[in-house]
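Asks: To start, I am sharing the structure in question, which I have written as structure tokens.
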Amino acid sequence: MSKVKNIAVVAHDNCKKELLDFVDCNHNILSRHNLVATGTTGGLVEKMIMERVEQKADEGYEFKPVNRMKSGPLGGDQQLGAMISEGKIDVLIFFWDPMQPQPHDVDVKALLRLAVLYNIPTASNRSTAEFLISSPFFEGEFQRKETDFSSYTQRKL
């Protein structure tokens, strides 16, 4: 995993405010990485980072647009899952709402399953996200252990 990470950020509606506060508090770090997000969350995160980068333009901050997928219920979670399986996501920050059933719960479960399957560092709440972003691995090199799936892919049916 290179120093510049591809970070997926997702938040259910009741968690968007908390995610935006996290982004605001950590925009100086996050602006150095490539962000990918589901639709609505991506728009809000992009706006937040753009405002902060504009405020600090004289300090050499550069704005990188957020790569926005579809909204979660419209397939965005599955798009992120596909990116994880293709090796295109390094970190997943997903503030999900444990108190609110979602119409796309199966998609959420699939996304989280793929993050575990491919050993992607994942934060599902603010505390874990703060631990992740403060790790020396977040901005440094990190060799993620990859699982060998050959016994599964080469099994005889």
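Counting begins at 1 with the first residue displayed.
Heads up, the Cβ atoms here are built off N, Cα and C, so glycines get one too.
Pasting the feature list from Swiss-Prot:
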type: DOMAIN; residues: 1-157; note: domain 'MGS-like'
type: BINDING; residues: His12, Lys16, Thr38, Gly39, Thr40, Thr41, Ser71, Gly72, His104; note: substrate binding site
type: ACT_SITE; residues: Asp77; note: active site, proton donor/acceptor
Asks: Cα-Cα separation of His104 (substrate binding site) and the residue listed as 'active site, proton donor/acceptor', in Å?
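Replies: Here the two Cα atoms are 9 Å apart.
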Asks: Which residues, in sequence order, are found in the same chain with Cβ within 8 Å of the centroid defined by the Cβ atoms of His12, Lys16, Thr38, Gly39, Thr40, Thr41, Ser71, Gly72, His104 at the substrate site, excluding those residues themselves?
Replies: Val10, Ala11, Asp13, Ala37, Pro73, Gly76, Asp77
Asks: Once the DSSP letters are reduced so that anything not helix or strand counts as coil, what is Thr40 (substrate binding site)?
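Replies: Its secondary structure by DSSP: helix.
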Asks: DSSP secondary structure for the residue listed as 'active site, proton donor/acceptor', reduced to helix/strand/coil, please.
Replies: helix
Asks: Under a three-state reading of DSSP, tell me whether His12 (substrate binding site) is helix, strand or coil.
Replies: coil
Asks: Radius 10 Å, atoms counted are CB only; among the binding-site residues Thr38, Thr40, Ser71, which position scores highest?
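Replies: Highest number of other Cβ atoms within 10 Å: Thr38.
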